[in-house]
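Encoded as structure tokens, the structure appears first; notes follow it.
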């Protein structure tokens, strides 16, 4: 789950040394939104499932703005924007624009626009990929001094096409690509919008990774899967979870969505085939019960205290040695640092590449 005030810039930061320009879009050659070549590249990233971006702006914007100001990310990836795409009833949708077709939607668009024009967000260019209704959707905020060369909104890298429900934003920089996804939930049953949808998604992700191996990748977002037992607070609870007593016929599909053996196995195979590194687990080998999970259940009810790590930064092996830090910024079962969402922000910081390393990454 989105520009014109003077930005707040940290002393000695790249943005402070070089003025940030507006992200002027220009039509490319039919394969995405292409931007001017920029020799500086982002190195600080943040991903967050906002669980309704509008609600976060209305209720939690001050604390989230402070978090962004303090960390000063170059790129912010948002999932579960939950704002509808522009286009009236029965008309083609513009999935890159917020809808203003009704009085309520116009007011909501104005709220988001004002929020994203205020410090520190006025320093970022914003790209949206929105669903037809207030469901799912993603956003990508990139500092204006780090303009991507191209931006796509699908796994097939086709101009103007958006994934159903706005689940993908792919930004191409000079030496790497950044993929922001809101991966579909597995659901509880072998139905078209549950198990089948997730299997198809996982298959397409592998195909995407195989087609784009010419350049290192940073894949972030809500990937809706916990890879290992260490990635959940209560493995037995999640492994035996049921919906209204229903048990899938295949034991590989049993358990909490995001923690079934089938999903976990496919996720592990995807990481291996894509030659990816889980940045957080690369640095944090042991389970951290206070701050090692990105999603937390409702503090009231059976999911109280039940937590999962389902938000990730996966990076190509070529980038492994540049990982400086990868942190989850929520703590405890009371959702401290979650900024109103049921997910907390996750951040990644890379060291600056040497000239030789940059050349090798592009050539490999």
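Placed from the backbone N, Cα and C atoms, the Cβ positions cover glycine too.
Quantities reported herein were computed from a predicted structural model and do not represent experimental measurements.
Annotated active site per Swiss-Prot: 182, in sequence order, evidence recorded as similarity to another entry. Under the heading active site, proton donor/acceptor, Swiss-Prot lists 222. Positions annotated as Mg(2+) 1 binding site by Swiss-Prot: 80, 342. The Mg(2+) 2 binding site annotation in Swiss-Prot covers 222, 224. Residues or ranges marked as region 'Disordered' by Swiss-Prot: 1-42. Taken from Swiss-Prot, the feature site 'Important for catalytic activity' applies to 311, supported by similarity to another entry.
In this structure, the recorded positions 222, 311, 342 were compared by how many other Cβ atoms lie within 10 Å of their Cβ, and the smallest count belongs to 342. On a Cα basis, residue 342 (Mg(2+) 1 binding site) lies 13 Å away from residue 224 (Mg(2+) 2 binding site). Within 10 Å of the Cβ of residue 224 (Mg(2+) 2 binding site) there are 23 other Cβ atoms, across all protein chains. Least packed by the Cβ count within 10 Å, out of the recorded positions 80, 182, is 80. Taking the C-alpha positions, the distance from residue 311 (site 'Important for catalytic activity') to residue 342 (Mg(2+) 1 binding site) comes to 11 Å. Within the set of recorded positions 80, 222, 342, the entry lying nearest in space to the residue listed as 'active site' is 222 (CA atoms).
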